[in-house]
Amino acid sequence: MAGADGDDSLYPIAVLIDELRNEDVQLRLNSIKKLSTIALALGVERTRTELLPFLTDTIYDEDEVLLALAEQLGNFTMLVGGPEYVHCLLPPLESLATVEETVVRDKAVESLRKISQEHSPVDLEVHFEPLVKRLASGDWFTSRTSACGLFSVCYPRVSSTVKAEIRQHFRTLCSDDTPMVRRAAASKLGEFAKVLELDYVKSDIISLFTALASDEQDSVRLLAVEACVSIASLLPQEDLETLVMPTLRQAAEDKSWRVRYMVADKFSELQKAVGPEITKNDLVPAFQNLLKDCEAEVRSAAAKKVKEFCENLPEDSRETIIMTHILSCVKELVSDTSQHVKSALASVIMGLSTILGKDNTVEHLLPLFLAQLKDECPEVRLNIISNLDCVNEVIGIRQLSQSLLPAIVELAEDAKWRVRLAIIEYMPLLAGQLGVEFFDEKLNTLCMAWLIDHVYAIREAATCNLMKLVEKFGAEWAQNTIVPKVLGMANDPNYLHRMTTLFCINSLSEACGQDITTKHMLPVVLKMSNDQVANVRFNVAKSLQKIGPVLDSNALQTEVKPVLEKLATDTDMDVKYFAQEAIRVLALA
């Protein structure tokens, strides 16, 4: 970048200064994004002595420029001369860690965490740890929140005297006057606990956890729940009951639904962290309460965890606990007032069949699945149908068909066309789970009946459904099962049904391949070119254009071309237009 003149070596920094002072934010942003190029041009020494001081002094800009700068500096170690000079990056990042905009502070903290690893233990104590202290005791809450994210990265690599200071700073921030700071401390509590010696976890962290979990702000309390998972996994089993459980029980019954929601959301992790005995005695009743919570959001979060919770129960008492304590709550949720709750449950309830086995599934779960299959909310029905294979494995296809099939057939013939449409969309999914023989025996007639439904959207969806079924079951199945029925509709007195034949051929030709299309479908399409109804004739032209690429060139020239040429002279304008269009696209010279 520098020319022959000595003065030219100042060029990069001069341009950067100009661009960073430019009124156009985009220009300033671009120059920040080019920082590494500029640093390379300046060399490591001038980057340290000129570029970094300049950047530190000019930190007052649009948030997006500051965000880009905070990100860039995290990758600057080699550009300042490697790990022994990495501490030179601390001043600009320290300033960025105190700005008002949260995303900028978070990015600065992320970069500081990254470069902390590149400090030697000596540099960490001389340069990095004082920065953390300054941030932790800053006047503005912004710097104190940033400090919370830096304790855990320097704690393991400093001397015991400095460790004691860091613990003290963290304690102070946990009881800070500003809720935002306590929130930041609570969010890092679990992470900090993981790097502490076990004695200090018991003596320091537990008391902080208890205090934060009963903070006046629910946003602080709910973050303490998250820390509970980490803390519980660090403690020996005998300490959990006295040190963690009182706080966890309190959180599960917190007056704020957001805290209870967090407990429900983290339930499986908490269950693994506290182990089987505490789960049996404490978490089962807590889980029951969350499933019956007065807030739909909490019930929904708990419902999502039903399968996982049951899977993680101790094996010797799993079935008894589910049948005695959990199943009654699940039954209530099936008819919950909130569709989000019902939908969350429907996405996992089928998984209980593998845990409870055949007899319990038939007796207790099938009635619930049936109720959900008839739910007015489409998402609930979809979630049940999507997971049928779990039940299929447990009770077998015959049993499943006797119970669930009538419900599916009922929906398939529902008076509301949108319900019929929803079932059609699930059909390929069902077909895949039930297998070809079962499908032919029970569902094939339904799929064909939809092709002559009086609602166009249903006929269109049914056509699309056939194509997906052929993709699943193969061309040979199509030739034996589907194609004859579709082609039979070409003679239907209702012209709309005759048109459906053409739409099906358009969809099926590619999946069925050249042989079936040329031998079986093409003759029917050509014959329909003489139909009395102009709408059918112009759809013949469109079909020939669609299936043309599938046919062999001989059939195109000898059979398709004459028919299209004839249609191109039709008395109807539309027929004429589509025939000429097909000739053009297929390039039939």
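Each Cβ is built from the backbone N, Cα and C atoms, and glycine gets one as well.
Annotated domain 'Phosphatase 2A Regulatory Subunit A helical' per TrEMBL: 89-270, in sequence order. Per TrEMBL, repeat 'HEAT' is recorded for 12-50, 89-127, 166-204, 205-243, 244-282, 283-320, 326-364, 365-403, 404-442, 482-520, 521-559, 560-589.
The repeat 'HEAT' (283-320) makes no contact with the repeat 'HEAT' (205-243): fewer than 3 of their CB pairs lie within 8 A, with pairs spaced 6 or more apart in sequence. Long-range contacts of the repeat 'HEAT' (560-589) within the same chain, counting only residues at least 6 positions beyond its ends with a Cβ under 8 Å from a Cβ of the stretch, are 522, 526, 529, 534-535, 537-538, 540-542, 544-545, 548, 551. If one looks beyond the repeat 'HEAT' (166-204) by at least 6 residues along the same chain, the residues whose Cβ comes under 8 Å of a Cβ in the stretch are 129, 132-133, 136-137, 141, 144-149, 151-152, 154-156, 158, 211-212, 215, 217, 219-220, 223-224, 226-231, 234-235, 239, 243. When averaged over the repeat 'HEAT' (482-520), pLDDT in the model lands at 84.
With DSSP classes pooled into helix, strand and coil, the tally for the repeat 'HEAT' (283-320) is 30 helix, 0 strand, 8 coil. Non-local neighbours of the repeat 'HEAT' (404-442) in the same chain are 366, 369-370, 373-374, 378, 381-382, 385-386, 388-389, 392, 397, 450, 453, 455, 457-458, 461-462, 465, 468-469, 472-473, 477, 481; each lies 6+ residues outside the stretch with a CB under 8 Å from one of its CB atoms. Counting only same-chain residues 6+ beyond the ends of the repeat 'HEAT' (482-520), those with a CB under 8 A from a CB of the stretch are 448, 451-452, 459-460, 463-464, 466-467, 469-471, 475, 527-528, 531, 533, 535-536, 539-540, 542-543, 546-547, 550-552, 555.
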